[in-house]
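Just below is one structure, and these are the notes that go with it.
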Amino acid sequence: MTLTSALTRHLKCPELFRNLANEPHPSVAGQRQRFSVFNPSTGELLAEVPDMGAADAHAAIERADAAQEPWSGLTARARSDILWKWHRFILEHSDDLAAILTAEMGKPLGEAKSEVQHAAAYLQWYAEEANRIYGETISAPSTDRRMLVIKQPIGVVGAITPWNFPASMVARKISPALAAGCTVVLKPAEQTPLVAGAMFALAKLAGFPDGVLNLVYASEGDAIGRELCTNPKVRKISFTGSTEVGRLLMRQCSDQIKRISFELGGNAPFIVFDDADIDAAVDGAIQAKFRNAGQTCVSANRIYVQSGVYAEFAEKFTERVRTLKVGDGFDPNVAIGPLINQEALKKIELHISDAVQKGARVRSGGRRTGSSGTFFEPTVVTDVSKTMRLAEEETFGPLAPLLRFDDADHVVREANDTIYGLAAYFYASNLKRVWRVAEALEYGMVGINTGRMSSEAAPFGGVKQSGIGREGSRHGLEDYLDMKYLCVGGL
């Protein structure tokens, strides 16, 4: 991999990351193509990355399989100690990791630093959880038997991470696998492979044995994903991305009856009831909608506001949105970075055009901005109805549609009227309403009077077509463990 000065000038320790982890393995090395990674804010070339294929993925799986038995044979304390070292190195080099993240993904540097801290928190959590993998004893039906349950690592894990949180998603998927005693083959998103490589470089310093962590770069993920899903030595796939790709991977895994953890698309409702603290709701909506320029799977995609407070909320919310500065993530005053590519720009423009044609009104923003890069103004659209595309499809950009409602039961039905079920938010003060709405919303995660709810201590995941399984918390570890029942007779 070759890094350019457009990236290294932002780094305190460029030599540490100059040769990022896992250049092609000698068994499959030779003449190969490379793909380019660009800064979406400036268009500058950041790096030339080896473009790997199915043969590389197969070789990585073989290395992971060879390392599986010795890695799982270590004590939980030994695995925990290495995770702790990785955690420490991540924190020591957090500024450089954040700079890499901002350069290749575009998000504001402050958000990038928070993401790196979040990644480190997952490593810390699972370094601790590695020592808490417990079995159980069962009361036997006869005196000559003893019955118990033990938990063992499932084996080699294939992980596929997205571009929108390229550091925290690596840690969230890999750390529980490593804690459980599994080896890993990781395929990072082609738009943002550099921070994953930097994290793996630090993992090498932490002392992970050869073959435990394996990185496969590729400009096109189809061949890599197919090899991970169909190779019988891979026992589990963990994927974060679109529901469409999730369906494809699930089909590819079906012949192997492979265990899967999928965190897929969302269409998150954000509901403001008339008894809500409006100023707090505005703050929460800004967080839930515009973090990472709206490019998050839990981004508020539909903002429902009860009629009695609609005008007040719309005015205060729009006023706040107008203060959000758009630009290069390295500018300390910037709140909204670029969209990831031109396709993302076209989608947000399509959603706005469709809404306006059907009677919506643009209150703020609505245009591309900047002389270069993929920037779009944070946009507020009012008088939105459910028939508009921006209310039915995940926009994945800084576009906030405001929908009016009168009846609480009706808005819950509207919020649930989607194939997705990842995250939902609502603001209210009436305790009876809080409990009823929280239980009625068909989502895996519900934020009540808050616009942010992700934590390493909480189970992250969705229902319906938003995913399978949970990441984070003690529950996230269970997805990497097999339960084995032992029955001892003749006693």
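Using the three backbone atoms N, Cα and C, a Cβ is placed for every residue, glycine included.
Cross-referencing L205, L213, L264 with the NADP(+) binding residues that Swiss-Prot gives (W163, N164, K187, P188, A189, E190, G241, S242, E394) picks out L264. The distance from the Cα of K187 (NADP(+) binding site) to the Cα of E263 (active site, proton acceptor) comes to 16 Å. Binding-site extent for NADP(+): residues W163, N164, K187, P188, A189, E190, G241, S242, L264, E394, maximum pairwise Cα distance 24 Å (rounded to the nearest whole number).
Residues near L264 (NADP(+) binding site) in space but far in sequence (CB under 8 A, at least 6 apart, same chain), listed by position: T240, G241, S242, T243, G246, C297, Y420, L422, G462, Q465, S466, G467. A189 (NADP(+) binding site) sits 15 Å from E263 (active site, proton acceptor), taking the Cα positions as reference. Across the recorded positions listed here (A189, C297), the residue whose Cβ sits among the most other Cβ atoms within 10 Å is C297. DSSP classifies A189 (NADP(+) binding site) as coil under the three-state reduction. For E263 (active site, proton acceptor), the same-chain residues lying six or more positions away in sequence with a CB closer than 8 A to its CB are F239, T240, C297, L422, F460, G461, G462, S466, G467, G469, E471.
Over all protein chains present, the Cβ of W163 (NADP(+) binding site) has 20 other Cβ atoms lying within 10 Å.
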